[in-house]
Amino acid sequence: MSVNKEIKRITTHTLQEMKNRGERIAMLTAYDYSMAAIVDNAGMDCILVGDSASNVMAGHETTLPITLDQMIYHASSVVRAASRALVIVDLPFGTYQGNSKEALASAVRIMKESGAHAIKLEGGIEIAESVSRILTAGIPVMGHLGLTPQSIYKFGTYTVRAKEEAEAAKLKADALKLQELGCFGVVLEKIPAKLAKEVTESLAIPTIGIGAGQHCDGQVLVIHDMLGINKGFKPRFLRQYSNLFDVMNGAIENYVGDVKAKSFPSEKEEY
Ligand code: KIV
């Protein structure tokens, strides 16, 4: 399907209209100006400044160490590049779970200091008060259910969530709660496709899947994974659209070779 790049700015209302007419929503992460400019130019609907920046930008094992200041830095770089996409920013671990006042203060900082358009946070009924308070300030909120990486030490592994009935039932209730509170969408991460289909059909608001099958209203991937920059990371749900690790490595090896061989710079490349 061709992308309408003429749309001025995607809003949360545009996303709702897309769900209503059955048009899939494309979302990808970005964390810096140059990458976000390419993503935006390609016709992306939403750019997620994910706390996966902690992994792919900073090299941490989990998303837990990234700070609010660091997320604001990444988000403001992305916002400067995005002229079409809706920019959604993750509230990092420890900045919203304590109480709803703290959650609102964190969300306000992101909106004020980065110029982003919406925030995302992980969890369901247990963070309802925080979600409500952020929404009352007029800040659009996206939920995130299923595998929620900020709780990795509770789960213990990154395997598929909600395979058992009790967890699936809680996830369905959480999704309805997030919708009732006023979230404009919800990310469903690494859950069975059948469950994601049921949730998607039960909600009026869009679901965005990652490892949640083909029935979600949209899809999101981490850009480093889909471009093949993370060489060893190949989970079943990931479609790798390029092999940038090898492409970049080859170019850089050529540069090193040229410098060593004294063939760069040539006379044509000097003043
Ligand atoms: O941080 C992130 O990149 C995310 C996506 C995996 C949904 O939350």
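Yeah, the Cβs are placed from backbone N, Cα and C, and that goes for glycine too.
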Query raised in the report: If TrEMBL says Asp51, Asp90 bind Mg(2+), which of Glu17, Glu23, Glu122 does it name for the same site?
Result: Glu122
Query raised in the report: Taking just the CA atoms, what is the gap between Glu189 (active site, proton acceptor) and Glu122 (Mg(2+) binding site) in Å?
Result: 10
Report summary line: According to DSSP, Glu122 (Mg(2+) binding site) sits in coil
Report summary line: Note on Mg(2+): the CB centroid of Asp51, Asp90, Glu122 has further same-chain residues inside 8 Å, namely Gly50, Ser52, Thr63, Leu91, Pro92, Phe93, Lys120, Leu121, His144, Pro149, Gln150
Requested in this report: May I ask for the distance between Ser52 (3-methyl-2-oxobutanoate binding site) and Asp90 (Mg(2+) binding site), taken between their Cα atoms and rounded to an integer number of Å?
Outcome: 9
**Report entry** Alpha-carbon spacing, Asp90 (Mg(2+) binding site) to Lys120 (3-methyl-2-oxobutanoate binding site), which is rounded to whole Å
**Finding:** 5
